[in-house]
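The next block holds one structure in the form of structure tokens; read it before the comments.
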Ligand SMILES: Nc1nc(=O)c2c([nH]1)NC[C@@H]1CN(c3ccc(C(=O)N[C@@H](CCC(=O)O)C(=O)O)cc3)C=[N+]21
């Protein structure tokens, strides 16, 4: 069943602190997309008419009639890529597979999460993962250790989960307290249960031609899955990844390269980030700086995937802050042919892919096809 994107009416505003904002706007002025069922069948059908032809530009063809220029795009002509709804669709697919697995083998996948310390954001993410596990039928195991626990204690818990056949995936919530060596801890996770894809062997396999990693990091894989499910062609396209972190930027660049894009990686020492980014048909931004990427960085018709989840002060919000991306949505959505919002874009996809990786791990462990 095709899920209609449900983002119309959602309010958004960009940060006022950096001049990106021109006040509150309704995202409902942006065309809402309908999702196809399968990745190959995913095509856009517009539910609202706008006066700028953007349809062909999303397929990457630069037919002159379809190119939006910043000058003509006075309306927000970008299309919102609805990560929340795609993530829901993926969870439904996973739930179906898990029922099939349970009926045939009598077991369900298990995911263990290790949380150290009392960071509020980490606690929220862990809670969300647990809820997501429940929603698809994955058994979750949780260990919560005090901030001042030793690295040895964490390693002992990892060993316990490595040896436990009912646990198929192990996730150590990052960041760890500063007195722990993150590399030691991540290396201890058995590669067959490395559903985060952070083991250096998995990253190494990802970087090599004709090799297959056991698991791909969830956030970058979620970005590519969004492109696939929205029918965005990658092969032969120019892609720019902004940010070179081990967990997002670097693996995102590797994945795009595996999909036959021509990839540039822009980072804090890049001399002309705006000029390089403006050449991209596909932009993935994973920097962690609110509204750093402005409309002027985006090539008309490009597809923008915003990985940033940055809290900015907002007295009007009940939490005292709200979340914005790395990309100034208000500006970029007028120039891009499609763009992910924050929240509701990549974030929910990260969790959906974690569930998917856990299912894959369990299928392998039980030799269930
Ligand atoms: N070992 C490890 N693996 C991770 O995958 C990992 C991690 N550590 N540490 C922290 C980051 C961050 N992360 C997010 C996941 C979901 C949302 C998410 O669902 N965000 C919602 C909004 C949530 C809200 O409103 O607070 C959204 O963007 O719509 C955000 C962030 C996973 N991470």
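Any Cβ shown, glycine's included, is placed from N, Cα and C.
As annotated by TrEMBL, compositional bias 'Low complexity' applies to 1-17.
Residues or ranges marked as domain 'Tetrahydrofolate dehydrogenase/cyclohydrolase catalytic' in TrEMBL: 81-196. DSSP states for the domain 'Tetrahydrofolate dehydrogenase/cyclohydrolase catalytic' (81-196), grouped as helix (H, G, I), strand (E, B) and coil, give 63 helix, 18 strand, 35 coil.
Helix, strand and coil residue tallies for the domain 'Tetrahydrofolate dehydrogenase/cyclohydrolase NAD(P)-binding' (217-365), in that order: 54 helix, 30 strand, 65 coil [DSSP]. Under the heading domain 'Tetrahydrofolate dehydrogenase/cyclohydrolase NAD(P)-binding', TrEMBL lists 217-365.
The annotation region 'Disordered' is assigned in TrEMBL to 1-21.
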